[in-house]
Amino acid sequence: MQPEDIVRSGPNQYICKEGILKELDSLLSPFQTPTIITGYKSFQAFSQYVDSIPTHWKIIQHGGYSSQQAVDQIIPSCTATDVIIGIGGGIILDTAKAVADTLNIEVILIPTVAGTCAASTPLSVIYSPEGAFERVAYHHRSSYLTLVDPAFLIHAPIDYLKSGIGDTLTKWYEAEAIIRNANDERSHSLFVQAALSQSIFIRDILLKESIEAVQNSASGLVTPSFTKTVEAVITLAGTVGGFGGRYGRMSGSHAIHNGLSFIEETHTILHGQKVAYGILVQLAIENRIDEIEALLPFYQQLGFPTNLADLNIVDNQTDALQKIATHAVNPKESLQLMGSYGADEVIAAMNVLESLTSIKQI
């Protein structure tokens, strides 16, 4: 059986509580030699929030992508550790999971932004050192513990929260497209249907709560809307793929994101922002224009990209469209899970979106 077909509902232990990060030392009592893998800004924010960090914890700071080269470089410094603690955004958490999986030890995940569901999934997205998508690596175990602290996350940059909302909103659109086009015995199983139901629930939470959550984040106020949005992004989103396996993970919008990763101008745009654009392209590929129009006001309120200019692609748009589409329709890409499409159809869909959004902005 393939790893993506195994049902794994989420972290082995999960705590969402204001102030929980200040209890981390006591939660680590089963372990003797922890190693923290973190980013520079992530660790600065974390160390300022917690009271203290035990001196015997090894700290490794990583500033690049979650690449195989980065994992291979970090592993020699972790041979004596018995648990990896990932503290950071999606790239750091994916790196930490890959290191722990290679060493066959437990991993504890602490998101410093509500940007992805990386803290609740047993996989890592692997990029090249330059940031181009390469593959998804499925791991042998879920996290030992995932900690979500709303009082800490409220101070994270708002753009990461918006990115998380975009990356999570796609769960419904991608899962529904996969399941609708699969129509096989496995796609009708209870767990796959549970994944689909969960994705609808998440979509509805985000459409109802996330705009207020972003406003709360700007004011530094932890509210029910903020906590619901954070948990939808970090935790509930991971259960869609956990229950649904290949039927609950990536399809059209992530294939567009992966194509965009080969366009240098987009490298400064966060993952979830590009995925949000991918939702619109996916809907255009399927000629679901009414749904695009229904989403556009929500996108405009959150500042999501709706066309190439929003993605910093201003010059040589024809070449960019061809490159994005060529990568998106690669036989190994997830677009194939929602049907058989060629590069010309993807380009046509993106051009439809260009026309539609330019009209809406006049």
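A Cβ is built for glycine as well, from the same backbone N, Cα and C atoms used for every other residue.
Taken as a whole, the domain 'Alcohol dehydrogenase iron-type/glycerol dehydrogenase GldA' (11-150) shows an average pLDDT of 95 in this prediction. The annotation domain 'Alcohol dehydrogenase iron-type/glycerol dehydrogenase GldA' is assigned in TrEMBL to 11-150.
The annotation NAD(+) binding site is assigned in TrEMBL to GLY90, ILE91, ILE92, LEU93, ASP94, THR121, LEU123, TYR127. DSSP gives THR121 (NAD(+) binding site) a coil state; it is part of no helix or strand.
Marked as glycerol binding site by TrEMBL: ASP167, HIS254, HIS271. DSSP assigns HIS271 (glycerol binding site) to a helix in the three-state reduction. Long-range Cβ proximity for HIS271 (glycerol binding site), meaning a same-chain Cβ under 8 A and a gap of 6 or more residues, is found for GLY90, GLY115, THR116, SER163, ASP167, HIS257.
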Spatial neighbours of LEU93 (NAD(+) binding site) that are distant in sequence (at least 6 apart) but have CB under 8 A:
GLY86, LEU109, PRO111, THR116, ALA118, ALA119
Residues satisfying Cβ distance under 8 Å from ILE91 (NAD(+) binding site), sequence separation of at least 6:
GLY39, TYR65, SER66
Of the binding-site residues listed (ILE92, LEU123), the greatest number of other CB atoms within 10 A surrounds the CB of ILE92
Intrachain C-beta neighbours of HIS254 (glycerol binding site), sequence separation six or more, cut-off 8 angstroms
THR170, GLU174, VAL275, GLY278, SER334
DSSP three-state assignment (helix, strand or coil) for GLY90 (NAD(+) binding site):
helix
